[in-house]
Amino acid sequence: MSALTGKHVLVLGLGESGLAMARWCALRGARLRVADSRQTPPGLDTLRADAPLAEIVVGNFGAEVLSGIDLVALSPGVDPRIGIAAEARHRGLPLTGEMSLLAQALDELGVRAQTRILAITGTNGKTTTTALTAALAQAAGLDAVAAGNISPAALDVLMDRLAQGAPLPECWVLELSSFQIETMHALDPEAATVLNVTDDHLDRYAGLDEYAATKAAIFEGRGVQVLNRDDARVAAMALPGRSLIRFGASAPAATDDYGLVEVAGAAWLVRGRERLLALADLPLAGRHNAANTLAALALCEGGLGIAPQRLTGAVVAFRGLPHRVELVAERSDGVRFYDDSKGTNVGATVAALDGMDCPVVLIAGGDGKGQDFSPLREAVVRRARAVVLIGRDAPRIESALQGSAVALEHAPDLDAAVVRASEQAQPGDAVLLSPACASLDMFRNYAHRAEVFIAAARRLPEVRAS
């Protein structure tokens, strides 16, 4: 018997998470209504096959979808403060989300006490850190899965295991967006981290303070807090009475904290005074990825009790994820082409630039989502030889970079931008696609943007794939 049995549940939004919630609620005996403003949402056929009794509402709808409803499950893309979700709250209807349903499921299945949950959020680096943390836990012998915002949906993993009659994961490594955290209750992870907080999604939040406060709710519960001491907003999230592990790209002050130190001219990842791994041996490019690696090690120590010394081999073996400062092509004179199409906000692009150890020709621009582009200026001055701008908010980026003494120009599309960037790059330079913007003004998604960039780079004379 489930708390969902017999309840009339409305699922708002039929993306990956919404579809997983709908399928799970139907499996647990709920009466189901699903509403999506799109006429043909992507999961429609799957929903009809897996939940044939579900009532499906597509296109325009109003508050009538709340009639008879006991519980409203929100997809991450649905803002709980406006529209039907706000009306549901006004009527006193409880709101839930995928992470709350996962927590409830683990309790009802009687496995929560044997399960470890590691939760990861941050403006930048959370997908890489999630994948790395899961890989480290697996290397230590645990049945660990990465799920959530990283895909697959956590409830999809749960349903697949149950359908196969397989044991449930010993460790869930969950990437959580701020949108997912908004509807998260009672997850109580064994360890959680906020990697960083910079401008993003300010089209949804009133400002950076509200955005940061939403991220900080990941620490709800009793688990170990893993905090970035180099980010003032994150460092301020420390809660009284909680176990803390701090990390950063600086030298650690405490013996159980993580950081970077210089020894005889070489940088090392360390825990306290103990050297773990030379930065030069880290496969992931950039000091920002060193910080992500330190966060992953701290999560495994704090949440799983695994000593970092056991995990250095797995760190070296981890090859990273596509579209995150990924080397995709190289010219015969040593110019390298890097795809950071996942760099959809200013903080990500600043981190990518600062992670480079050579002059950079930057390709940036797209849908800026209301961000302040001024933090790009210092990083561009430090690292960039030139900047080629594309997309809707190219003029706003140009305005933020005016007077930087770095060459700026516009290109009509990404293919032309790659050609122009290659012309400006000198031997040994990097051409970096790190847009600091979303992609939907010109592309289907960030992966499509990456495909166009990679194809354009590999068409250039004397360029080969990497």
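Cβ coordinates are placed from backbone N, Cα and C, and glycine is handled just like the others.
Just so it is clear, the model here is predicted, and its values are computed rather than measured.
Feature list (source: Swiss-Prot):
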- Gly122, Thr123, Asn124, Gly125, Lys126, Thr127, Thr128: ATP binding site (BINDING)
Output, ordered by sequence, the same-chain residues six or more apart from Gly122 (ATP binding site) with a CB under 8 Å from its CB, or 'none'.
Thr129, Thr193, Val194, Leu195, Asn196, Val197, Lys215, Asn228
Cβ within 8 angstroms of the Cβ centroid of Gly122, Thr123, Asn124, Gly125, Lys126, Thr127, Thr128: which residues besides those meet this for the ATP site?
Ile120, Thr129, Leu195, Asn196, Asn292, Ala348
So if I measure Cβ to Cβ from Asn124 (ATP binding site) and keep only same-chain residues at least 6 apart in sequence, which ones fall under 8 Å?
Leu195, Asn196, Thr198, His288, Gly343, Asn345, Gly347, Ala348, Ala351
Same-chain residues six or more away whose CB lies under 8 A from the CB of Lys126 (ATP binding site)?
Ile120, Asn149, Glu175, Leu176, Leu195
Just going by other Cβ atoms within 10 Å, which of the binding-site residues Thr123, Thr127, Thr128 has the emptiest spot?
Thr127
Around Gly125 (ATP binding site), which residues of its chain at least 6 apart sit with Cβ under 8 Å of its Cβ?
Leu195, Asn196, His288, Asn289, Ala291, Asn292, Ala295, Ala348, Ala351
